[in-house]
Each structure stands twice: as C-alpha cells, then as structure tokens.
Amino acid sequence: MGCFVYFFLGTSRDVTLGPTAIMSLLVSFYTAHEPAYAVLLAFLSGCIQLVMGCLRLGFLLDFISCPVIKGFTSAATITIGFGQIKNLLGLQDIPRQFFLQVFYTFRNIGETRVGDVVLGLICVVLLLVLKLMRDHVPPVHPEMPPGVQFSHGLVWTATTARNALVVSFAALIAYSFEVTGYQPFVLTGETAKGLPPMRVPPFSVPTANGTISFSEMVQGMGTGLAVVPLMGLLESIAVAKSFASQNNYRVDANQELLAIGLTNMLGSLVSAYPVTGSFGRTAVNAQSGVCTPAGGLVTGVLVLLSLGYLTSLFYFIPKSALAAVIIMAVVPLFDTKIFGTLWHVKRLDLLPFCTTFLLCFWEVQYGILAGALVSLLLLLHAVARPKMQVSEGPVLLVLQPDSGLHFPAVEALREVLMSRALEVSPPRCAILDCSHICSLDYTVVLGLGELLEDFHRQGVTLALTNLQVPVLRVLLSANLKGVQYFSTLEEAEKYLKQEPGAQPYNISEESVPEQKVTLLKV
C-alpha cells in the first residue's frame, strides 16, 4: 500500500514506505501482540498523521536539524550494515538490539558457515565491480555504431539491475546445491502465499467473555496513539531528508505527512499495521538507480505478483546474498567527512550530532528525539542570550543586540545595561540601537518600561535609535511614558553629549515623523 500511495503523494524519489524493525517493536509493545489492535492502531495513526498534514504542521519537523539527520544517517549505516553481518556469516538466533547483536555475533563467531561467507563475499565483490562499471561507462553518442550503442545499453542495464542479477545468481547456485542434496547456505525459506482480504478495520473485538468496544481498545493502546504516529513521522522524515541531502533535492514535510497518513489509513483496510520510511530498503532503492517515486509502482507490483505466484522461487535465495546487497547499499551513505566539517563550521553543532549518533545505537527514535531536543535548546539559548555589541565611553553606553529581542532575552538585556550603565559612578546614559530588532512582545515592552524607570530614578537617559515600523507600532500601542528615540545613532550621541543640532522624538503619535505615522496607519 505504501508503494502505491507514495507514488501519488510522496516527494522523495528514494523513500520506500513499509514495515521496519523499530515500528514493529513499538506496535508490538502498545498492542500486546494482538493483530486486531495493530490494524486499528494503523488506522488511527493514519488519521492523526493525515490531520497534521491538512493543518500543515510539517514545519514542526523542520526542527530536525541537519546535524541530527547526519547523526541518524551515520548511526543507521553502522547498525544496519552490522546487522547483516550475522547473515553474511550464516549465524542464526542473533538478537536485534545493536549492542546485544555485537555481543552475540562475536560470541558465536565460531559457528560461522564457510559457504555463506564465501558466497556473501563473492556477491559483495560482484556488486562493487558492477557499480564501478556503471560509474565509469562513457555516455552514448549518436555517432557511435549501432553495435557499440547496443553494448553500452546492455552494460548499463546489467549494472543498474545489479542487485537483482546478483540475488538471482546466488539463488541459482543455491538451487544447484539443493539438487545435489547438500545445502551449504542459510536460505530465506518458506514465504506465506496469498493476499489479505480487504475489510474495514476492527472497531470492536469479540471475545469469549463478551465484546471489547472501540473505547476500550483505544484505552488499551494508551500513549501508543501519540508515540506510534510521532515515531513513524520522525523516522520517515529523517530517512527522506538524509537521502534528499545525499542526492540534492528537497522534500515537502506536509506532503510527506499526507502520504504516510493515507498509507496507514488505507493499509488498515488490508490488515496492515503502522508503517514508516525504511532506511535499508530506501538505501537499496537509491543504489539501484531509482529516479522518481514511480519506482514504488514497480516494487508494489512485484510484491503483489510475488505473493500471488512467485513465493516458491524465493525459497532458494541465500540470506548472505541479501546481506551483501544491503551492506553495499548502506556503506556509501556513511559520511566520513561530516565530523571535520562540523568542527570547522560550528563546533556547537557537534553536540546534537553526537547525541543523535550515540543514542541511535540504543534506539533510533530516542536518538532522533534527543538530537532534535538538543538542537531546540541551542536555538532557544541563542534567543534567550543574544550576542550584544557594546561600545562604552566616559558618559555614554551604546548597546546593539545582534539579533531580535524576545521575552527570554529581557533579563540578559537588563543585566548588561544595569551593570554597564547604572552600576558605575557616575551613572551613564545609554543608547539601545534597535536596527536588528523587527518585533517586540508584551514581556519585552514591560521590561523596557522598568528599565526606563530605573534610568529615570538615576537621573540619566535611555534612548532608542533605528526603530523599525513594527517596533514603533508596538511602542505606540503600549503607551510607554518617557521613551525617547532618534532616527540615527549619530543624532542620539549628539543629543546625549549635549551637542547642538539633535532633538529626540517621544513615543507618541504626535511626535513620530510624518512618514512613519502614515506607515503605522496603513
């Protein structure tokens, strides 16, 4: 369902929607392993995500910064790549959790199957050679002979379809060994055949003791109704943004919300549980050369045909060959230069990057949430403690905030002005240069009023300069008493130094310059 819906609504050419390990664990936890609850959770999650998309709440996902995406991508590359080592070595019964996976992989290394290792390494080498061939094939020119053009097309087709060719090659080898009665590989095995019926999601569940109502089912899911949709969105957007940055295109968060929401709603009609963007399958998609979301149509059709008619052929696919495909798909996504880049550009960005990277080894959803929270805290700190340029003279202090002035920054502004202007002897007049301030809120206005009173009690002046029209509008509405402002910093300095030729404006409609009054009225 995700393949078909995403073709119409998706904005990433690489993303594949479907079940993931993280989402499966979350759904299992919040539905107590009950299929009916899982299907209903898919429907309700889809409704929530669809409403968020319609309300255009995708901007909330913009708080997932680039360092967070890079941290997630780097950690996912390692966890997914290492997660396939067990299949490459032919090991079984290895836990999914990363740290347990590392421990049990090395613990059971003595049980490695030689056949799987040899076949897996051969597949890795073949995939690498075919990828290098595709990257170095010269472009076809019209003046080339038809035979050369045909050979170029043949090489391009083989190298582009290298994943399918290598898996088919491995399956043929496994089948040939099966015929001889000896099987050195761990095979995919039986795959359930057939398609699920289309029906309305279960809004009640009959039991031996009666019927569980819809409200009781919702209460049973509890916080899962908030956690599952949110985690699905975070994972899907993180995957989409990571591949968008790799392949130089943009994704629309609101459109992604609609796509994943509608996928979950319609998926519940065919007994699906909640889905999200899959990093591993998306990586294989990208490495296969998919250029548009129409690649999902091919995937969806092949899945339906396979479930209907081809499941018996999948029995002989070696797991080591699939592991080779996934490893070769995710390895190029690891950015070896990102740490050095962040170090040279802005070292503080290493904090959300490292937070996301490290916590993603525990649980991906916690890593993304923690990284986004750290990025948000850094953003709020910049708002609460903006940098201020201070120029001091014997009788005058000039202070210019380098960015906007919002209510968390009032105390910082007050502290600087009090310590630099009023807590010295004798107190100095101060000029607040507002050239970078484009708006004020009520708390800032109250703070300015208190500052004016403090300056007035000390017998010195606090003047404002370079006020923009929105700031003037707010100050006029607040009706502050005793506010003086000047059009330029030079005029304010002349007036406060008691030099001739400069007069202040009081903040009232009668004293504001005529052109600014006109703007205010408009």
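Residue numbering: from 1, along the chain as shown.
Placed from the backbone N, Cα and C atoms, the Cβ positions cover glycine too.
Away from its own ends, the transmembrane segment (36-55) comes close to residues 27-28, 30, 201-203, 205, 217-218, 220-221, 224-225, 228-229, 232-233, 254-258, 260-268, 271-275 of its chain (Cβ-Cβ under 8 Å, at least six residues beyond either end). The transmembrane segment annotation in TrEMBL covers 36-55 (among others).
Taken from TrEMBL, the feature transmembrane segment covers 114-133 (among others).
According to TrEMBL, the feature transmembrane segment maps to 257-276 (among others). Outside the transmembrane segment (257-276), and at least 6 residues removed from its termini, the chain residues within Cβ reach (under 8 Å) are 1-2, 5-6, 9-11, 17-20, 22-24, 26-27, 31, 35, 38-43, 45-54, 57-58, 195-201, 228-229, 231-233, 235-236, 239.
Residues annotated as transmembrane segment in TrEMBL: 296-317 (among others). Outside the transmembrane segment (296-317), and at least 6 residues removed from its termini, the chain residues within Cβ reach (under 8 Å) are 2-4, 6-7, 10, 16, 167, 170-171, 174-175, 178, 187-195, 285.
Under the heading transmembrane segment, TrEMBL lists 324-344 (among others).
For the transmembrane segment (364-384), the residues of the chain that approach it from at least six positions outside its boundaries are 22, 26, 63-65, 67-68, 71-72, 75-76, 79, 231, 234-235, 238, 348, 351-353, 355-358, 403-404, 406, 408-409, 412, judged by C-beta separation under 8 angstroms. Under the heading transmembrane segment, TrEMBL lists 364-384 (among others).
Taking H, G and I as helix, E and B as strand and the rest as coil, DSSP gives the domain 'STAS' (386-499) the counts 50 helix, 23 strand, 41 coil. TrEMBL lists 386-499 with the feature domain 'STAS'.
The domain 'STAS' (386-499) scores a mean pLDDT of 85 in the predicted structure.
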